[in-house]
Amino acid sequence: MKWPILRAFPSFSPRYLRPFLRLCAQRSALATGKKLHALILTTGLSIPHNSFLLNTLLHLYASCGDIAYAQKLFDDIPHTSKDVADWTSLMSSFSRQNRPRDALLLFAQMLENMAEIDDVAMVCLFSACAWLQDVGVGSQGHGRLVKMGLEGRVKVCNALMDMYGKSGMVGDMRRVFGEMEEKNVVSWTVVLDGVLKWEGVSNGREVFDDMPCRNEVAWTIMIVGYVGNGFSKEGFLLLSQMFHCGFKLNYITLCSLLSACAQSGDVVMGRWVHVYGLKMIGTEMDIMVETAMLDMYAKCGKVDTAIKVFECMPRRNVVAWNAMLSGLAMHGRGRVVVEMFQRMIKEVRPDYLTFIAVLSACSHSGMIDQGSYYFDSLQSVYGITPKIDHYACMVDLLGRAGRLEEAETLINQMPIPPNEVVLGSLLGSCNSHGKLQLAENILQKLIRMDPHNTEYHILLSNMYALAGKPDKANALRRVLKTKGIRKIPGMSSIHVDGQLHQFSAGDKSHPETQEIYIMLEDMIRRLRLAGYVPNLAAQVFPGSDGVEDAGVSLEKEQALFSHSEKLAICFGLLSTKPGQPLYIFKNLRICHDCHAAIKIVSKIYDREIVVRDRNRFHCFKEGSCSCCDFW
């Protein structure tokens with residue numbers, strides 16, 4: 001679209017200009033729109049006194065994502081001249097730019113100014129509430145919707161159901177769905193997404209099968225639901241049905257599938273998606289797909305493959321660089337991250353996420369001087385104001401190195417209040433270095449922030465046990481029991497032949513339980529012969545009251561031997577060929593005893609064992625671990 005065509009008009013009347021500005025908004029042609037805006041200004045047309053032109057310009061800038069200028073134009077429009085489209089244009093822009101709180105504030109101002117509320121405004125409200133999972137405000141909006149008589153509008157009801165679904169209120173979502181007289185494919189897809197997330201793949205499949213018609217989004221959500229929950233075979237079967245119905249995988253579908261594979265650790269499905277992308281799209285894949293691909297390989301433990309994907313990318317933006325640096329950081333390759341960062345700054349400008357990856361890598365690799373240098377460079381060199389995540393990385397870096405006093409000083413000097421991540425990191429370092437008094441002080445702060453979080457209580461309880469204070473350890477756990485607060489169960493999973501197998505501590509629900517425990521018995525025997533000694537110090541049993549006898553010791557040993565990661569490894573040893581690497585995924589942090597035991601297991605069974613816990617990867621090979629020195 002060439003703006004000089006306007007010169008053909010003898011005068012620049014608003015009625016001639018507005019259609020061009022609307023067209024720019026529809027096509028997100030901000031550059032062309034700005035040229036039109038500049039041309040208007042040079043003609044001497046008085047914009048501040050032309051509310052119609054202001055309205056159109058506001059819509060242009062809001063639609064194209066220039067919120068700052070859209071806000072300025074909005075403020076310039078006289079109060080009496082603002083119509084509902086002005087309010088909703090800015091609200092929609094806030095929602096698209098992931099600024100839901102600003103959208104809610106604007107909606108509140110809209111009510112205060114007695115502006116007319118329409119269905120677009122209600123969609124914006126519910127979208128913001130969905131993002132924030134704010135059921136309270138969302139429910140109030142639902143009541144207003146009914147009073148306004150808009151409950152029959154399909155788009156509004158879809159947004160309302162999405163809000164309930166994302167907030168876990170599946171019953172309310174289903175109720176709204178049942179009351180809708182008219183439903184479209186989006187309505188069904190919203191319900192499918194909510195049911196899959198909160199009720200599981202079985203109920204989700206029922207909704208999917210009941211759908212009168214399905215689009216690519218519905219197929220993708222169902223397939224991703226299978227893959228993300230470890231049902232790869234069902235995912236592959238549904239993919240073939242999707243192709244049979246004439247649908248293909250687009251960029252968004254590919255990214256969604258790769259993200260699900262990264263979440264579940266399913267590298268087999270991830271490789272299939274990679275091959276499909278190469279066959280259907282070719283080597284010049286979209287940068288978004290390539291970034292999702294390298295992220296998937298890194299999170300599935302194949303960091304070297306991730307590096308190959310990254311190096312073959314014809315162009316890389318800051319998102320791709322961040323994904324690569326984060327993947328390397330998770331695998332403890334701090335020095336590679338620092339080297340790659342030097343390459344990055346020659347191509348793109350790093351952002352705040354870049355430094356989270358770099359600082360995390362320095363922390364896991366024990367690179368204290370380099371981490372301190374990059375933290376200090378944030379503001380002075382790159383103009384980035386340190387955020388809470390950067391402080392958390394620095395506290396972790398100093399804490400791992402045993403410099404807890406410096407870490408505590410840094411927390412006290414922070415310009416923003418520390419959150420759970422910052423204090424939780426320092427508490428973990430107290431555990432590693434035996435700083436019991438400091439840990440007690442930190443726990444009190446953490447309890448005030450989140451009284452129902454069991455992890456911090458258990459950590460301090462273990463510290464009491466290690467310090468020879470079992471009475472305090474048991475008392476702390478009794479407090480949890482009295483309050484009805486339960487510890488999050490540790491779960492470990494392993495993919496074998498396209499199926500996900502999950503284990504909890506002491507689990508005996510697996511079909512091959514008998515064979516697994518026979519293998520476990522043999523593994524413990526061989527571990528003992530290799531010099532393994534169970535770490536019983538941190539095992540606390542509330543009923544013992546500090547009295548240690550042979551029965552309690554035996555019970556502690558059995559509890560340690562049947563940790564979920566050990567059971568998953570035993571199943572992997574039984575179900576895979578000799579010498580094949582094992583990839584274990586755990587939802588919590590791996591314990592010290594399992595860490596020590598798996599090192600020996602990797603040597604006596606001649607297996608590479610990769611464990612991804614909540615924080616990072618641990619690569620065990622030939623009796624050692626790449627993260628041992630700085631874990």
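Each residue, glycine too, has its Cβ placed from N, Cα and C.
Below 8 angstroms of C-beta separation, residues 55, 58-59, 62-63, 65, 67, 70-71, 74, 77, 120-121, 124-125, 127-129, 131-132, 134, 137 of the same chain, each at least six residues beyond the ends of the repeat 'PPR' (83-113), sit close to that stretch. Annotated repeat 'PPR' per TrEMBL: 83-113 (among others), in sequence order.
Assigned with DSSP, the residues of the repeat 'PPR' (153-187) fall into helix, strand and coil as follows: 26 helix, 0 strand, 9 coil. Annotated repeat 'PPR' per TrEMBL: 153-187 (among others), in sequence order.
Here TrEMBL flags 215-249 (among others) as repeat 'PPR'. Residues of the same chain lying 6 or more positions beyond the ends of the repeat 'PPR' (215-249) and with a Cβ under 8 Å from any Cβ of it are 185, 188-189, 192-193, 196, 200-201, 204-205, 208, 256-257, 259-261, 263-264, 266, 268-269, 272-273, 276-277, 280, 493, 495, 498-500, 502.
Under 8 Å from some Cβ of the repeat 'PPR' (286-320) lie the Cβ atoms of residues 251, 254-255, 258-259, 261-263, 265-267, 270, 273-274, 277, 326-328, 330-331, 333, 347-351, 353-354, 583, 610, 612, 617, 619, all in the same chain and six or more residues away from its ends. Summarising the annotation, TrEMBL assigns repeat 'PPR' to 286-320 (among others).
Marked as domain 'DYW' by TrEMBL: 555-631.
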Exercise for review: Restricting attention to the repeat 'PPR' (83-113), give the mean pLDDT.
Suggested key: 86
